[in-house]
Amino acid sequence: MAEIVVAEPSGESSSSSSSRRAYATTNAIPFTRSITSGRDYVPEPFDSEKLPVALASEIQRFLRVANLIELEQPRVAYLCRFHAFEVAHNLDRNSSGRGVRQFKTSLLQRLEQDEELTKGKRREKSDIRELRRVYREYKDYILKYGGERNLENRERLNKAGAVASVLSEVLRTVTDAAGSQALADTESIRAKSEFYVPYNILPLDQGGVHQAIMQLPEVKVAVASVRNIRGLPFLEDFRQHVAHMDLFDWLQICFGFQKGNVANQREHLILLLANTHIRKSNKQAYMPKLGDGAVDELMKKFFKNYTQWCKFLSRKSSIRLPYLKQEAQQYKLLYIGLYLLIWGEAANLRFMPECLCYIFHHMAYELHSMLIGDISIMTGEKVMPAYGGGPESFLNNVVTPIYSVIYEEAMKNQNGMTDHSTWRNYDDLNEYFWSPDCFQIGWPMRRDHDFFFVHPSNDHKIRNRQVSTEVVVEDTQTEEHSGEEIGVNTEERLEPKWLGKTNFVEIRSFCHILRSFDRMWSFLILALQAMIIMATHDLESPLQVFDSTILEDITSIFITSAVLKLLQAILDIVFTWKARCTMDSTRSKKYVLKVVVAVIWTIVLPVLYASSRKKYTCYSTQKGSWLGEWCYSSYMVAVTLYLLTNSVNMVLFFVPAVGRYIETSNFRICALLSWWSQPRLYVGRGMQESQLSILKYTVFWVLLLLSKFSFSYNFEIKPLIAPTRQIMQIGVKNYDWHELFPKVFGGLYGVLHHLGEIRTLGMLRSRFHALPSAFTACLIAPPSRKDKHRRRKWFFRKRFKKVPETEKNGATKFVLIWNQIITSFREEDLISNREVDLMKIPPPSEFLSGLVRWPVFLLADKVAIALSIAKDFVGKDSTLLKKIKKDDYMYFAVKECYESLKCILEVLVVGDLERRIISGIVDEIEESIGKSSLLEDFKMGELPALHAKCVDLVELLLFKSFSPLTRLFVSKVEGNEEHHDKVVIALQDVFELVTNDMMLNGSRFCCTLNLLSYFDQLKVFTLLNVTFNACRTLDSLYAYQHVAGDAGEFFSQIEPQLFASKHSIHFPLPDSNPLNQQIKRFVLLLYVKDTALDIPSNLEARRRISFFATSLFMDLPCAPKVCDHVIFQEEVKFSTEELHSSKEEVSIIFYMQKIFPDEWKFFLERTGNEKFDNLNNEIKEEVRDWASFRGQTLSRTVRGMMYYRQALKLQAFLDMAEDDDILQGYDVIQRGNDSLSAQLDALADLKFTHIVSCQMFGSQKSSRHPQAQDILDLMIRYPSLRVAYVEEKEEILVDKPRKVYSSILVKAVNDLDQELYRIKLPGPPNIGEGKPENQNHAIIFTRGEALQAIDMNQENYMEEALKMRNVLQEFLRNKGRRPPTILGLREHIFTGSVSSLAWFMSYQEASFVTIGQRILANPLRVRFHYGHPDLFDRVFHLTRGGISKASKTINLSEDVFAGYNTTLRRGYVTYHEYMQVGKGRDVGLNQISKFEAKIANGNSEQTLSRDMYRLGRRFDFFRMLSCYFTTIGFYINSLISVISIYVFLYGQLYLVLSGLEKAIVVEARIQNIESLETALASQSFIQLGLLTGLPMVMEIGLERGFLIALKDFVLMQLQLASVFFTFSLGTKTHYYGRTILHGGAKYRPTGRKFVVFHASFTENYRLYSRSHFMKGFELLLLLIVYDLFRRSYQSSMAYVLITYAIWFLSLTWLFAPFLFNPSGFNWGKIVDDWKDWNKWIKQQGGIGIQQDKSWQSWWNDEQAHLRHSGLCSRLIEILLSLRFFIYQYGLVYHLDISHRNKNFIVYVLSWVVIIMIFLLVKVVNVGRHYLSANHHLAFRLFKVFLFLGVLATIISLCVICKLSFKDLIVCCLAFLPTGWGLIVVAQALRPKIETTGLWDFVEVFAQAYDYGMGIVLFAPIASLAWLPIISAFQTRFLFNEAYSRGVQIQPILPGKKKHK
């Protein structure tokens, strides 16, 4: 048979939907005659991509294949389309699905058109034979070429496989319809039906056995183990369903799993077994059998949580293994496979790990019963699974019922609007399985159990009656299971009961802070009390504490402690009340008992303290004892008893192993010991660290607390004691009514770990010689496993030396890796072509073998310096050599130039005489060097001239038409034949210069050469002897030449022209790439001067290369071979990307060109273009990629993650290739060696896959959204990229549509997406937080043992990807008692290079992710999961709930809960800084504020969460402190700081208005006492806050130098960094406090783009009105009032010192958004903003009107959190509003009109005035409503009348009641806050007053307030906009970073459309 060539697609898919009348029929073949009869047949592709969602998955493959083969096989294409039509018709006969009718009509028309025309094109007599012929051709092609591995054949094989797979299905259908005569053919086709199966990584079908990955030994043994079904029961029956069965097929038939799930988990387990096997095996030879060690390791990992769960519930494990070793491995694989199948199909149940344990427990028992052949007592037959049967039995009967509970409970959340206590989240449902009560659900599960009831009952007194019911599952249960399923006494209720919350209730209250960290608050309160007591006693020495009186006073703190414990016990009862239904009785009794005990101590201790005060019983010790006499009292005895429990805890703290054993043991004595202190929960047990770790963080905290308390005692408490006493002694009668310590420690820790060892290019050049050896030690796998432990594990162990010339192999590998890194830099356009040549290291070549050749940028100017040194040097050769060798790079540059010139001359000069001349000169030079007589034999002064001659010579060897600088960077060296004579002259010039001018015995050498030439002409063969004889008479010849002047004529007659013959030189030079590169490098060495010292010029390239070099000197684990290292996986969350979108008429491309000018220039250079306007379509697509790679887009993320695959292939090449292959280079071998290339691809696929989790891809694909094609293009570009998405389609069941959801994984095949796995879901997956649900649906498609979840705003780098296998080795390094489960990695913020805000954010992030996380991981041991670069132990997390939590609202910050969950489940989190991943951050103020609001919301929800509570209660004391201060403590402390400002100002206002402060100050002055005023003023300087910048200074100084750190710190202050961070403080505190009080936490999208655009005044007001502006105005009013009433007695300096920080805070909160708003002071923008503001404030709201269009819509949305707030929260809001009324009360009595009357009637009259003002506003509003439209003049007159009336009233009061101007000001200051207070109260009471007319008045009044505040804010901004210098100054400080890099910002800000 002739060879078949796979057909290519015949054209682009285009829509062919017809507008003809819809056609529907029930006939099987509803065709009429062809409508194209008589025409020529011109096939057109039918649109196979735009299909109805309900049909696409079933018919798309047939339509695609039809388009693919239509040109060569038109009839077969017709049959494929016909089959697709039949399938579509059978799926939806009534065409009721969306778009089905139109599709069927269009396809039917196409079939009518093609039916007759294609029939004549077939080669066989029937359609069946035609199909069979084409099918066999494709099958034979696959069998023939299936073993070939070149890329071209692989693509053809993929296409052939796709065609054959579809044809086999069509042929099977046709033959089935043909009847019995085709039965034999049908059976044959069915036997081959699995020959062509789409695959993900492993082609497990029969056609894939020849692929390289299937030839790997580890894969072979894993596949063989999975296919070992020998000895399993029911094989004969099951083989009727599956021809080629394995363990997974057997489990599928038994338990009813889905086909896609089975295929997915089969590959999953095989890859796990293969990688574990090769890592565990020490043998290098092929092993035909899977090792038991690999299976045992997986068993331990997968079932550790399950066995712990069984132990916790006192149940025997269902995993039971036989004694025979051969059967045991098969059983283990069955149990692992069963768990994976359960997990893979569990959908949202994967967030409930113990629920999965429950399911696995019962199914594993059924599996064991089947394997041993148990007989059911009830049926008398063999035991079969309770839920076996169809392919979706497990989904429908097990997953769906539990999912329905999750879904209905989540719907009660109402998108975060309801209270957490009213619905059960994932944790509540999962924690029900922590109790033995869960076994009452039974198996099969009882649907009437309370667990499945989701509607809370109003009747809490449900009558129960006990009956004995039999829950029958299998009567063959063993004794261990008899109490679980059989004969369980359950409660049959007349009415089902909602179980409610489990173990914990999330209640919105600030008391959670006190409850979770009660030990910390108690400690701080008691410490404060003790220090106050000590300061009161004026202690001079700490030993005075032991004085009996003082000690007795100090011990009073235990009374306070007892009160606090009582409060804690009461809070425990209150907060767990709603979980009482699921709480066991012992726990309830314990809570009650704790209250009783606390009450007893609260009574006993104060009574004993009062009764026994100063009543001691004393005893004298032995004489000479240091104790002397010691005394005690009954109170002290009671205190001793009170502290007994604490002493037990202290002992367990110092012996963690004992505490761990007590907490995890099931012994009753252990349970009794731990019963009082902690509730018995499944998580949070045994979290103790090792003794060494405990010692480290204990020392840390002891030192920190000692320093903190010392400072507080000496500078904050003790100085206030004396002034307080003096003030209290003054008889006033006349009045009216921790950051420093951790940062230093973290910086020191970073220094010890070599962080910042290479910070600058100069340091890189000085340490570059050590990089090859460091690289070999860190990134090259050792030759043997023993060498893995060869390195010492100490801080200062790495001191690498220069690479020895003998270590050629390691140096060669370093050269290969280094050049790949430089190549990646060029592909990313970070460096230019010139810089590539300067930075690459030439590989070892045949020309200069054995010579170390460093990159040219290290050798820049070295040759010139060496020439200048040698030219004028006087002395010995050894001295000159020593001087040159001082600089290693200079020595190597000189040596390489010399060797390069020799090499070029050897190739260029080919004549015998000329070669002997060159050889003679070289011998003379080397002889002089060997004798150390070079300075004596040669004139060094001529070296510059020789340098110039050499440059001229090499220039002639290059292009003639380019300038010298251009010639340097052309890849191919071409000479010009016309320059032959010039080359000859240049060679002669060099020869004459060397022999005549440089060589001191040059004439002697010339004589020798003349003799050689003469004897050559005479053909004398005794050349050597004659030459020697002639040389003996040289002296006489010299004399003769001096005497006889014509002696030279003799030589001139016989001397030919050197180098002049055509055969003397080889010019042009041969076209050899090594030679070309050598000449280019030689020219670079001669040309390049000091300009190369700044190579690379791009700042990002400098940073990356410096960090990579630094990381090689850090603590990297030893790299394993690629085949040995842990497999890992990427998961990326996809979001929208718009590469060419624009805003304010500035295109993103133009923006990128201005922001990255050097990279844009390098891009144009790489593509060979000079201007952007001249680009063709292909280059424009590259421009699109270039822009995408610089934004926060999916393209950038995917490219960065795919560097892992490139790095793996490169490292595998270094491990597998021979030395000769390495010398040839990676790219050459990969292109020319198909076998090696296939092996490299196979290893990379085995170790790495990359999944994009994009739930919207299905809908985007069906709607032809451009982003769907962009994602497909990414899959085509990166073959190992996979996309997981959720498909939502309608299925017709009983003529009713039903939505069906499926998780689907696709890859790119034949430039189209191919479905790999389809797993049906029980319902919509997004029922919780979107991001974790998105991760959860895709995590089942991940592979391996490690997983990295990357967000779409991140990227990676080639040089960092090379270190991934080192990082993964950390999972195998046990630091302490357990291996890590989360590996934290460093992040680099790549968005900090443009604006000042972005710079601030990048430094803020750097401070946290470096110093912060470094100290969290070690020594504090409280690092959780903060960043997406973190690597997860995948198996650990998939068996414990996943890599995040998804409960709605409470898990808003989903990532950090992965760390909490890991820690609570005894995981271990580490952090490593030797690898970094890029990350983008928000760069505009509004974006930053939204992000910080989201984080603050998340932290407030964390405060309420059970995870935080358990960490706070389960950690030991010092670890608890670390946990608090590094998580929610930051937000709590920030909130306390802001509240303290309010307390301070209101307190000062009280002192001023009451006259108390005046009385104290005046009386103190009379008595000449230093007042409290002076004490406060003296401490105000400490409030400067400069120490807050210490983390940034420490980190920058560590990595870039402390001088740069200091400069950056000062520059940041000049760029108003303090304003930015102060403003951010307001954002954090507002959203944190409001969310805890009222809820309303939600995800806030911030966008991914770079923002330098102007935000309107309206937008800023909407964002910051309630969070900043209102608070800023309130503080401003308080400061003004305080200033008005203190002037009479207080100095202005004291006022300024006390309040300057608050003035700064209030002004920052008011005006920072406008300071950081680009073009914020541009007059044109100001005018537009004013118009927009007035339009927005007056626009009526309503349904469908967004808040950015109307004030009313915004106002209603802004108070949405109050609508759903609880009663307590509303009351707190009202109580907080009372401060405005108290403020008003204090002011009205200071009015002159009151005449110092203190009667209450004055306050009442002030309310009358307020009511009159309200009525006046209301009257104006009513008048506007009725008169402004039709009676405009009347309305104006009405307003004039009201104004005159108000004015007359004020004048009358001034005349009659002595109302002063000051009174008017004070009234405004008093009544404005009161009005706002009334508005806030009305908002809190909205449900009560919304239906009354009062609410309309509230809305009008609120609008007036917002309008007034807007005007007050707008006025100063508009005033400053008049001054042009203000706008220029603002632009400068906002974009100073961009200006410093030469970026043009001005063209971006105005928005010039012409650049678009």
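Note: Cβ is positioned from N, Cα and C throughout, glycine not excepted.
TrEMBL annotations: computationally assigned, not manually curated.
Small disclaimer: the values here were computed from a predicted structure and weren't measured.
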Per TrEMBL, the range holding transmembrane segment, considering 853-870, 943-960, 1771-1788: 1771-1788
Transmembrane segment range according to TrEMBL, out of 511-533, 1523-1545: 1523-1545
Transmembrane segment per TrEMBL: which of the ranges 632-658, 983-1009 is that? 632-658
Can you dig out which of the ranges 1-21, 85-105, 1324-1344, 1744-1764 TrEMBL describes as region 'Disordered'? 1-21
Under 8 Å Cβ-Cβ from the transmembrane segment (1800-1817), and at least six residues away from its ends along the same chain, one finds 1784-1785, 1788-1789, 1794, 1842, 1846, 1867, 1870-1871, 1874-1875, 1897, 1900-1901, 1904
Mean pLDDT for the domain '1,3-beta-glucan synthase component FKS1-like' (330-446), rounded to an integer? 90
Going along the chain, which residues at least six beyond the ends of the transmembrane segment (1905-1926) come within the CB cut-off of under 8 Å? 1657, 1661, 1665, 1669-1670, 1673, 1710-1711, 1714, 1720-1723, 1726, 1729-1730, 1733, 1737, 1751, 1755, 1875-1876, 1879
So which of 557-579, 591-612, 632-658, 1523-1545 is most in touch with the transmembrane segment (1697-1716), counting Cβ pairs under 8 Å? 1523-1545
What parts of the chain pack near the transmembrane segment (632-658), using Cβ distances under 8 Å and only residues at least 6 beyond its ends? 552, 555, 558, 561-562, 601, 604-605, 608-609, 611-613, 615-617, 676-677, 688-691, 694, 1516-1517
Other same-chain positions with a Cβ less than 8 Å from the transmembrane segment (1523-1545) and lying at least 6 residues past its termini are 513, 517, 520, 738, 1412, 1416, 1420, 1422, 1424, 1456, 1496, 1499-1500, 1502-1503, 1508, 1511-1512, 1515, 1625-1626, 1628-1629, 1632-1633, 1675, 1678-1679, 1682, 1702, 1705
Helix, strand, coil residue numbers for the domain '1,3-beta-glucan synthase component FKS1-like' (330-446) per DSSP? 78 helix, 2 strand, 37 coil
For the transmembrane segment (591-612), the distant same-chain contacts (Cβ-Cβ under 8 Å, at least six residues beyond its ends) come to 555-556, 558-559, 562-563, 565-566, 568-570, 572-573, 576, 633-635, 638-639, 642
